[in-house]
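Copied from TrEMBL, the annotated features are:
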{"type": "ACT_SITE", "residues": "Glu92", "note": "active site, proton acceptor"}
{"type": "BINDING", "residues": "Gly15, Pro16, Met17, Phe18, Ser19, Gly20, Lys21, Thr22, Asp91, Glu92, Leu93, Gln94", "note": "ATP binding site"}
{"type": "BINDING", "residues": "Cys149, Cys160, Cys195, His198", "note": "Zn(2+) binding site"}
{"type": "BINDING", "residues": "Ile183, Leu184, Ile185, Gly186, Tyr191", "note": "substrate binding site"}
Amino acid sequence: MSREARDFGLTVIVGPMFSGKTTELLRLLTRYKMAGYTVALLKPSIDKRYSEREVVSHDGLKMEALAVEPNYSGLEEALRKLEDVEVIGIDELQFFEPDMKIVELILRVSLEKRVFVAALNLDFRGEPWEVVKELLPRADDVVSLQAVCTYVDPKTGKRCGAPATRTQRLIDGKPAPRDAPRILIGGRESYEPRCRRHHEIS
Ligand SMILES: [Zn+2]
């Protein structure tokens, strides 16, 4: 199938854990798939929560993903192999090395095709991820997602329920210390969505 001109552009989907980033990424990619475009999904090989060949969102939406080394050469090689693919998705961008060449590569590729990137806004300490921080203001479009704060007031037993923009890491139910490793793959046992007021570091 040939088209007049290739659709292009970069959309970055950003937010804390449990804000539905992967679900939104898969929704956007599926939309193009249904319109007859060729679509591929990449993810850093560090994320082994599910399997090497598949991304499963928190809502169970599935799309096969190619696991790539989370550095410039890993991404460059994968994108070169996918040269003819019209729409590219990249999940969990924050796990890629802090290398400006990665940012430049994504910007370059998104001049020729449509690229959707999903990324955590901040690490568990509330600090930005370098690659995400550099890519975000250069994107054509940003989708900012929020979760719901699950903090429970110990006095009243009430849930906060405010929009959550932070990812709280917990160790045995207590806030993780600032010097804990930056990357720790986990789910609800290790992380909670929190608002800014209830985001804690010990
Ligand atoms: Zn809160």
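Cβ coordinates come from backbone N, Cα and C, glycine included.
Sequence features annotated in TrEMBL and their locations in the structure.
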residue	record	DSSP (3 states)
Met17	ATP binding site	coil
Cys149	Zn(2+) binding site	coil
Ile183	substrate binding site	coil
Tyr191	substrate binding site	strand
His198	Zn(2+) binding site	coil
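Selection of the recorded positions Met17, Glu92, Tyr191 by a Cβ distance under 6 Å from ligand 1 yields an empty set.
Non-local neighbourhood of Met17 (ATP binding site): Leu120, Ala147, Thr167, Tyr191, Pro193, each in the same chain, at least six residues away, with C-beta under 8 Å from its C-beta. Summary of the Zn(2+) site environment: with the site residues Cys149, Cys160, Cys195, His198 set aside, the chain residues having Cβ atoms within 8 Å of the Cβ mean position are Thr150, Tyr151, Gly161, Ala162, Ala164, Arg194, Arg196, Arg197, His199.
Cα-Cα distances to Glu92 (active site, proton acceptor) place Lys21 within 10 Å, out of the binding-site residues Lys21, Cys160, His198. Among the listed binding-site residues, namely Leu93, Cys149, Ile183, Cys195, the Cβ with the most fellow Cβ atoms inside 10 Å is that of Leu93. Each residue contributes its Cα atom, and for Asp91 (ATP binding site) and Cys160 (Zn(2+) binding site) those atoms are 29 Å apart.
The residues near the substrate site, meaning same-chain residues not in Ile183, Leu184, Ile185, Gly186, Tyr191 whose C-beta sits within 8 angstroms of the mean position of the site's C-beta atoms, are Arg169, Ser190, in sequence order. For the binding-site residues listed here (Gly15, Gly186), the lowest count of other CB atoms within 10 A around the CB belongs to Gly186. Sequence-distant neighbours of Ser19 (ATP binding site): residues of the same chain at least 6 apart with a C-beta under 8 Å from its C-beta are Leu145, Gln146, Ala147, Ala164, Pro193. Taking only the Cα positions, the spacing between His198 (Zn(2+) binding site) and Ile185 (substrate binding site) is 22 angstrom.
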